[in-house]
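For reference, TrEMBL has these:
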TRANSMEM  12-30  transmembrane segment
TRANSMEM  42-59  transmembrane segment
TRANSMEM  71-97  transmembrane segment
TRANSMEM  109-128  transmembrane segment
TRANSMEM  134-155  transmembrane segment
DOMAIN    301-389  domain 'Histidine kinase'
Amino acid sequence: MTSVHVWDRTRIGWHLAFGVFVLVGVVLVVADSQVSGGRRAIVLALLAVLCASYARFGARALNREPQGQVYVAAAIALTITMYALVPVMAVLLFALYPQIWSLLPTRRAVAATAVTSLSVGAVVLVQGDFTEDAVGWASFIVISLFPSILLGLWITRIIEQSHERARLVAELDTTRAELARVSHEAGVLAERERLAKDLHDTLAQGSTSVLLLLQAARKALHGDMSRCEQHLVLAEETTRENLREIRSLVAALTPAELDGASLPAALERLTSRIGRELDVAATMTTTGEHRRLAPDCEVALLRVTQEALANVRKHAEATTVSVSLDYSPDDVRLSVTDDGRGFAPSARLAGGFGLDGLRSRVRHAGGSLDIHTSPGNGVTVLVRLPAGG
């Protein structure tokens, strides 16, 4: 939005008003039989000069060009001269005063108004031979100068406030557009991070699982064929679930594990699968009354479980794995525990997002994540989400 000065909005009106007052002046001076032919000709010539000055300087000055001072000076001199020659030309003052305030800065407008009014009063005194009536009219003109200036200042202040509001509105629109741009960029970045975490927690982990299963199948190929078959079946199952995850991510749907299934059922499938993959004792327990959680909370619990089990698969060398989901009135708690190697709390697991991704996801859902571990004592991942989740 661009601010438009109030004078600019009525520019055509200013031109018409000036033309009307000039036309009225012409009619009055021509119709006044008391005006001599010589004075009439001089006044009409001065009117022509005034119109030329307005066309050359005044009209352009209304476009905010710095030519207003030239026109106002000429207009004051011409108008006072015509008034001195023919008093009916005082009608031009109705056009002159508004032009003074529209074309000059405030202080100069006050000075120009004072000069004009005092000049008119001086003409009245001189032409009236300083009689009592002339002094009275001159005094009235001088006294009326003060309310005229106050009115001009008041109107100018209103216009300045309007201009300031227009500037503030323009700044607000600019700020709003910038905020929308920043918000859009932040949303794009957040969505990229979310997709990266989803890809890590699903496709990357699933591909790792398939790779490990195929390696195990190769080892069993020339020995235990039933074991080889079992590994191949699990690899095929994992690959199919990866494909389902890809379709879900592309369609921006819920995770494939939660599509048409409850969270406990999805966690049960994950736990059962890792037990079969690693040939370890894997258990999943649910306590409390099951209830649906907000989608982002269920996704967070699912992804934490997937990541924790993936770390068990890659690092733990565990013999038992347990997953526990507890629904209580105040919160929902998830724990994933293994009896594997564990690690030092200060250590970080390799592999991209890992534990940092878990914490970020849980924090986004409004919960907290704690990891309890030490070398040789396994790992316990604890997640707590508020009941409102």
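Along the chain as shown, the residues are counted starting at 1.
In case you wondered, yes, glycine gets a Cβ from its N, Cα and C as well.
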Among 12-30, 71-97, 109-128, which stretch has the most Cβ pairs under 8 Å to the transmembrane segment (42-59)?
71-97
For the transmembrane segment (71-97), could you work out the same-chain residues 6 or more beyond its ends whose Cβ comes under 8 Å from its Cβ atoms?
17-18, 21-22, 24-25, 28-29, 32, 35, 39-40, 42-43, 46-47, 49-50, 53-54, 56-58, 61, 103-104, 112-113, 115-116, 119-120, 123, 127, 148, 152
Provide the three-state DSSP residue tally for the domain 'Histidine kinase' (301-389): helix first, then strand, then coil.
27 helix, 30 strand, 32 coil
Can you tell me the mean pLDDT for the domain 'Histidine kinase' (301-389)?
84
